[in-house]
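*Asks:* Let me give you the structure first, and then I'll get to my questions.
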Amino acid sequence: NAGTWVTASAHIITAVIGSGVLSLAWAIAQLGWVAGPATLIIFSLITLFTSTLLADAYRHPDPVTGQRNYTYMDAVRAHLGGLKVRFCGVAQYSNLVGVTVGYTITASISMEMVRGSKCFHGKDKCHASTTLDMVVFGCIQLILCQVPNFHNLSRLSILAAVMSLTYSLIGLGLSIVKVASAKLNEGGETRTTSATVSEAQRLWRIFQAIGDIAFAYAYSTVLIEIQDTLKSSPAENKTMKRASLVGISTTTIFYLLCGCVGYAAFGEDAPGDLLSGTGFNHPVWLLNVANVCVAIHLIGAYQVFAQPIFSFVETSCRQRWPEVKFVSTDHQITIPFLGGMSFHVNWFRVVWRSAYVAVTTVLAMVLPFFNVFLGLIGAVSFWPLTVYFPIEMYIARAKIPKFSVSWMCLQALSFVCLLISLIAAAGSVEGLVQSLKTYHPFKNEA
């Protein structure tokens with residue numbers, strides 16, 4: 001392994017700064033000027049703290065010299081064992097599958113925004129569908145998913161991280177321009193008009209906003225896998241802690257800037273996506289650049305979240321059927337006319353990964369509101385993966401006595417985060433119900 005804190009930070013930024021950063025203005029609008037930024041900062045501190053604990057779980061029993069745990073489940077198995085391993089697996093892999101489907105939907109929307117920019121920005125009227133864009137996105141993933149493992153994705157993650165920072169900066173810049181323009185045209189007051197909503201609706205939106213922010217920091221599902229790409233000197237846990245600090249600090253700064261400035265620009269009418277037709281309308285070329293960056297970023301982010309799924313299934317199958325050559329054997333293929341260049345192909349990997357991409361693409365097509373499910377999955381998995389398991393593994397490793405001050409403080413943090421996950425899940429369920437009420441399965445939606 002040859003990864004460094006730079007490549008690990010790129011993986012983290014790619015995983016954490018999803019296109020959801022563009023919806024943070026909406027989340028801040030639901031929570032307000034005080035509670036919104038405070039919630040962002042609190043979640044960043046919680047995530048940084050638990051990520052530090054999780055980084056020490058990569059090796060067991062000693063965090064520097066112990067035996068490696070190559071996946072999150074391996075770490076839970078080594079430290080805790082029992083039914084908790086299965087609980088971890090269900091939480092982690094359901095989250096990862098949900099993210100890859102959600103990213104297919106989100107990337108296709110950005111691709112359609114570019115293809116149909118005249119429609120979305122008011123020049124022409126037309127009916128657009130994201131189906132073609134989902135197919136294109138799926139075809140790209142069919143190729144990229146044949147990259148053997150995380151160790152070969154560093155360059156893609158760096159590119160994706162640059163793309164995420166680029167479209168975040170564009171959204172931020174357009175928000176600043178809108179705020180400045182509003183102050184000049186309206187005597188220093190920005191737009192704060194709000195649609196009439198009931199108190200019950202406002203409460204559900206607050207719950208959904210908390211869920212959005214909680215999910216925005218949930219990269220623990222791939223932390224161990226990222227750490228496994230690092231070289232062993234300096235110690236992996238030390239490098240990973242540095243990468244977590246850099247990655248989370250960078251994302252928090254962008255979250256605060258994009259969320260707060262976007263809220264200042266749109267007030268309580270902040271759109272769910274700053275770069276969509278309901279957000280900014282001009283300049284069209286800059287919005288197209290931003291949406292291209294979103295699509296490129298999500299191409300890389302899809303792989304960051306899919307690789308642990310690929311690794312888990314392939315490792316399990318090799319262990320279960322070691323004598324089956326279709327599963328365990330790599331075949332060398334030489335490319336003609338390229339100087340004898342060759343590469344290794346595992347046919348099981350080709351078939352299984354291609355099938356996975358095909359299934360996630362079809363799910364995205366038939367369930368275009370699946371991003372609501374994504375919020376639910378994120379809310380449900382935030383507590384166990386980001387908080388519960390890192391704390392429980394730390395308690396087991398450090399042998400902290402029950403009912404000691406340290407034990408009670410850690411359990412209190414875990415309990416509060418459990419309540420937050422339940423509240424966010426309730427908000428996501430309500431949003432799902434509303435989406436189902438308005439869903440027309442035979443109508444194309446952009």
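The backbone N, Cα and C atoms fix where each Cβ goes, glycine too.
Quick paste of what TrEMBL says about this protein:
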- 3-433: domain 'Amino acid transporter transmembrane' (DOMAIN)
- 12-33: transmembrane segment (TRANSMEM)
- 39-58: transmembrane segment (TRANSMEM)
- 156-177: transmembrane segment (TRANSMEM)
- 245-265: transmembrane segment (TRANSMEM)
- 285-305: transmembrane segment (TRANSMEM)
- 350-370: transmembrane segment (TRANSMEM)
- 376-395: transmembrane segment (TRANSMEM)
- 407-429: transmembrane segment (TRANSMEM)
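Describe the structural context of each listed feature in the structure shown, including burial, neighbouring residues and relevant distances.
*Replies:* Sequence-distant contacts of the transmembrane segment (39-58) (same chain, six or more residues past either end, CB-CB distance under 8 Å): 24, 31, 68-69, 75, 78-79, 209-210, 213-214, 216-220, 223-224, 227-228, 236-237, 240-241, 244-245, 248-249, 251-252, 255-256, 259, 386-387, 389-391, 393-394, 397, 413, 417.
Beyond its flanks by at least six residues, the transmembrane segment (245-265) meets 5, 8-9, 12-13, 16-17, 21-22, 24-25, 27-29, 33, 36-37, 40-41, 44, 47-48, 51, 165, 168, 171-172, 174-176, 178-179, 182, 190-191, 216-217, 219, 274 of its own chain at Cβ-Cβ distances under 8 Å.
When Cβ-Cβ distances below 8 Å are used as the criterion, the transmembrane segment (285-305) is approached by residues 11, 14-15, 17-19, 22, 96, 99-100, 103-104, 106-107, 110-111, 113-114, 117, 121, 137, 140-141, 144-145, 147, 150, 153, 156-157, 159-161, 163-164, 166-167, 170-171, 174, 221-222, 275 of the same chain, each at least six residues removed from its ends.
Counting only same-chain residues 6+ beyond the ends of the transmembrane segment (407-429), those with a CB under 8 A from a CB of the stretch are 46, 204-211, 214-215, 372, 375-376, 378-380, 382-383, 386-388, 391, 394-395, 400-401.
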*Asks:* Could you pull out which residues elsewhere in the chain have a CB under 8 Å from any CB of the transmembrane segment (12-33), counting only those six or more residues past its ends?
*Replies:* 39-40, 103, 106-107, 110, 157, 160-161, 164-165, 167-168, 171, 175, 202, 205-206, 208-210, 212-213, 215-217, 219, 222, 226, 243-244, 246-248, 250-251, 254-255, 258-263, 265-275, 279, 294, 297-298, 300-301, 304-305
*Asks:* Is the transmembrane segment (376-395) packed against any residues at least 6 beyond its ends, judged by a Cβ distance under 8 Å, and which are they?
*Replies:* 46-47, 50-51, 53-54, 56-57, 72, 75-76, 79-80, 84, 87-88, 91-92, 94-95, 98-99, 211, 214-215, 217-218, 220-221, 407, 410-411, 413-414, 417-418, 420-421, 424-425, 427-429, 432
